[in-house]
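The [4Fe-4S] cluster 1 binding site annotation in TrEMBL covers Cys8, Cys22, Cys25, Cys31. Among the features that TrEMBL reports, ATP binding site is placed at Gly62, Lys63, Gly64, Gly65, Val66, Gly67, Lys68, Ser69. Annotation comment: TrEMBL describes Cys235, Cys238 as [4Fe-4S] cluster 2 binding site.
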Amino acid sequence: MEEVPHDCPGADSAQAGRGASCQGCPNQRLCASGAGATPDPAIEEIKEKMKTVKHKILVLSGKGGVGKSTFSAHLAHGLAEDENTQVALLDIDICGPSIPKIMGLEGEQVHQSGSGWSPVYVEDNLGVMSVGFLLSSPDDAVIWRGPKKNGMIKQFLRDVDWGEVDYLIVDTPPGTSDEHLSVVQYLAAARIDGAVLITTPQEVSLQDVRKEITFCRKVKLPVIGVVENMSGFICPKCKKESQIFPPTTGGAELMCQDLEVPLLGRVPLDPLIGKNCDKGQSFFIDAPDSPATLAYRSIIQRIQEFCDLRQSKEENLINS
């Protein structure tokens, strides 16, 4: 389907093709015929493909530049420290794919086999897929409209051969747009464990995270919790903490209390995180005892506990 009006009633609505907002839409005849409401066959194909993936976690942020991709990468690194845990990291930030750089995989290319696209591996138990691997240069711009981006996400979910995976981490672009709707729609039948929301302490970031939480509730996507990133700076010499981004309205803690969502933890600013991301290395290796590393490990443990508890509840429902 071509692009639709902002106030489109939706292809599965009784007003599809007949409402006032449908006048002049290029899809009006298609929607009125009912053909637009036909379920996408890819949903069942993706459900089948995802049977080998135990847990699926989306990483979201309302605002760009809050450290969402950095968190996604280090969540993947942290989970993969257990050699018996198979981890997959999928980058669906189509227009701004930073995962190849952060994971040290710039210049790598995707290879195709009989079973689909092969991920690029950082370690034997950590595979990565990104549109960045399909570009001839990291400086190439991806200038695509919504339908083409959605098609790319569908292809990633349906055609990448992850094999048996314990955790699939999906790094999304900022906001609540086409990419988010697509990944939720395509993975709905395959069951998503939930979403981790990344913010910084200041109100300009928190107001967008509130929108993100509203989005999650509207599409029935469980919220695992919120991570407050860049939460203060601890001087490596005097060990005193300074608030670089002051929490003028109470920060993530007060927001989480108001909206009744868990605060998974706070990650302080550490210049080594940025340096390691630019070098494509895990921050945990260079600074195993830093406050930021300890915060990450605590957050990762809480995410694992959430996924294990959710799986246990579902198994009990099936067996009861």
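Just so you know, the numbers here start at 1 and follow the chain as drawn.
Note: Cβ is positioned from N, Cα and C throughout, glycine not excepted.
Shown in sequence order, Ser61, Pro174, Ile198, Thr200, Ser205, Asn229 are the same-chain residues outside Gly62, Lys63, Gly64, Gly65, Val66, Gly67, Lys68, Ser69 whose Cβ sits within 8 Å of the Cβ centre of the ATP site. Each of the binding-site residues Gly62, Gly64, Gly65, Gly67 was scored by other CB atoms within 10 A of its CB, and the lowest score goes to Gly65. Note: the Cα of Cys31 ([4Fe-4S] cluster 1 binding site) and the Cα of Cys235 ([4Fe-4S] cluster 2 binding site) are spaced 59 Å from each other. When the binding-site residues Lys63, Lys68 are compared by the number of other CB atoms within 10 angstroms of each CB, Lys63 has the fewest. Note: Cys8 ([4Fe-4S] cluster 1 binding site) has non-local neighbours Ser21, Cys22, Cys25, i.e. same-chain residues 6+ apart with C-beta under 8 A of its own C-beta. Taking the C-alpha positions, the distance from Lys68 (ATP binding site) to Cys235 ([4Fe-4S] cluster 2 binding site) comes to 23 Å. Taking CA atoms as the reference points, Gly64 (ATP binding site) and Cys238 ([4Fe-4S] cluster 2 binding site) are 31 Å apart. A Cα-Cα distance of 28 Å separates Gly62 (ATP binding site) from Cys235 ([4Fe-4S] cluster 2 binding site). Same-chain residues at least 6 positions away in sequence with a Cβ under 8 Å from that of Val66 (ATP binding site) are, in sequence order, Pro174, Ile198, Thr199, Thr200, Ser205, Asn229, Met230. Sequence-distant neighbours of Cys235 ([4Fe-4S] cluster 2 binding site) (same chain, 6+ residues apart, CB-CB distance under 8 A): Glu241, Ser242. In this view, the densest Cβ surroundings among the binding-site residues Cys22, Cys25, Cys31, Cys238 belong to Cys31, judged by other Cβ atoms lying within 10 Å. For Ser69 (ATP binding site), the number of other Cβ atoms no farther than 10 Å from its own Cβ, over all displayed protein chains, is 27.
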